[in-house]
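Asker: Input: one structure, supplied below.
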Amino acid sequence: MDHVDSLVCTLCGAEYDPDQVIYTCPNHPGVKGILEVTYDYDRVLDRFDEPLDGAIGSQWKYRAFLPVDDDVEPVTLGEGGTPLLEAPRLGAELDVDLRVKDDGRNPTGVLKDRATAISLTKAREFGLDVVTCASTGNAAASLAGFSARGGFDCRLFVPGDAPEGKLAQPLVYGADVLGVRGSYDEAYDLSMAVTERFGWYNRNAAVNPFQVEGKRTVGHELAEQTREEIPDWVVFSMGDGCTIAGGWKGFREFADLDLVEETPRMLGVQAEGASAIHDAFHDHDDADEVADTVADSISVGRPRNAVKACSALEESGGESILVSDEEVLAAESLLGRTEGIYAEPAGAAPVAGLRKAREAGIVEAGDSVVVVVTGTGLKDTRSAMRAGGEVTAIDPAIDDVVERYGDAD
Ligand SMILES: *Cc1c(COP(=O)(O)O)cnc(C)c1O
Ligand SMILES: [Zn+2]
């Protein structure tokens, strides 16, 4: 891995060997000294000889940028390479020039697959065969799917209130699913304690320095796909904050290396009931730690990556905004009926945030915007039913159809 320099602590600057299994900087007991992977970009560029022609088979097109050993066979289900769709009807509704990056089309239905593939490829490189994480659902399902693919033992800590569809999926993938009677934050603390005691490989967002590196590929892809017309804004939802941080880092790298001409501003969207990153970005220090929102994937009380997320917003000249649960559900149905894209609540939250940002004058009429849909709606049918309205019951009689649509001419 001579294209990877080191792991650097974001708090004290201490450096660690990237070939060592380490999660956070040990110089800060009780505090999270998040580690950042740094690269030798001359070496990265030497290794990168792919044409930026928009043909993206999977995220492994950007292998030169990924912190994995050349000799290791990746654990992959073909993640990444998701489409960037023009969204004229939704764009007209919101009065912007809109495109949608549909990352719900990843193998387990979520952008997190990009990160999971890297985590498990690292686990393979380190020779570890038991893996774990804490998750409100999507990370668990993703880790379980890729574990099955790579032949790992997968043990998951899931909070009691995760949607049923998201638990069915890891069970089918053959994982041990441990339903923790408690919150996501409690499940998370337990998974960390377990990692320390048993040495299982931990995919948890933020503390695993490699997993977030996989999320950069959504930024690489966005840069490549929008190269001819870089948007004014890219909109992400924020839970722990890794996704927006990774997406920004990927896009920025391509601009730094002159592969694209400029960078977009990042718009980060959180739910009113889980607003810690927004609060930190706007210097409100009254953030309570209890998260409560229909958008379960971003229902995080204590985000593990608020620092990196705030840097992404700041460096890009971006903004953050809050949306209510009603606005999220309305956005889920608006996205579905205008563009045929079925998102889970956290995947539709950026659409709600964009509408709010238009109303607040943050995003202006006619701006060019890319919304990133992070997860499919297929796993969370209960929320979808709340968003989508009701079935119309009729008798098996032609008269009932005539009554609804009028008779044939
Ligand atoms: C995890 C997740 C997010 C948020 O990502 P973070 O890295 O936690 O900010 C957003 N949407 C979906 C669908 C997710 O699963
Ligand atoms: Zn440190």
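Don't overthink the numbers, they just go from 1 along the chain as shown.
The backbone N, Cα and C atoms fix where each Cβ goes, glycine too.
Bear in mind that the values here come from a model prediction, so they are computed numbers and not experimental data.
From TrEMBL, for reference:
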DOMAIN    75-375  domain 'Tryptophan synthase beta chain-like PALP'
MOD_RES   Lys112  N6-(pyridoxal phosphate)lysine
BINDING   Asn138, Thr374  pyridoxal 5'-phosphate binding site
Asker: As a check: which entries in Lys112, Asn138, Thr374, the recorded positions, place their Cβ less than 6 Å from an atom of ligand 2?
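Answerer: Once distances to ligand 2 are taken from each Cβ, none falls under 6 Å.
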Asker: For Thr374 (pyridoxal 5'-phosphate binding site) and the residue listed as 'N6-(pyridoxal phosphate)lysine', what Cα-Cα distance in Å is obtained after rounding to a whole number?
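Answerer: Thr374 (pyridoxal 5'-phosphate binding site) and the residue listed as 'N6-(pyridoxal phosphate)lysine' have their Cα atoms 8 Å apart.
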Asker: From the Cα of Lys112 (N6-(pyridoxal phosphate)lysine) across to the Cα of Asn138 (pyridoxal 5'-phosphate binding site), what is the distance in angstrom?
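Answerer: That comes out at 7 Å between the alpha carbons.
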Asker: I'm checking region-level scores; what's the whole-number mean pLDDT for the domain 'Tryptophan synthase beta chain-like PALP' (75-375)?
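Answerer: Averaged over the domain 'Tryptophan synthase beta chain-like PALP' (75-375), the predicted model reaches a pLDDT of 94.
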Asker: Within 10 Å of the Cβ of the residue listed as 'N6-(pyridoxal phosphate)lysine', how many other Cβ atoms are there?
Answerer: 32
Asker: When DSSP states are folded down to helix, strand and coil, where does Thr374 (pyridoxal 5'-phosphate binding site) land?
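Answerer: Going by the DSSP assignment, Thr374 (pyridoxal 5'-phosphate binding site) belongs to neither helix nor strand, so it counts as coil.
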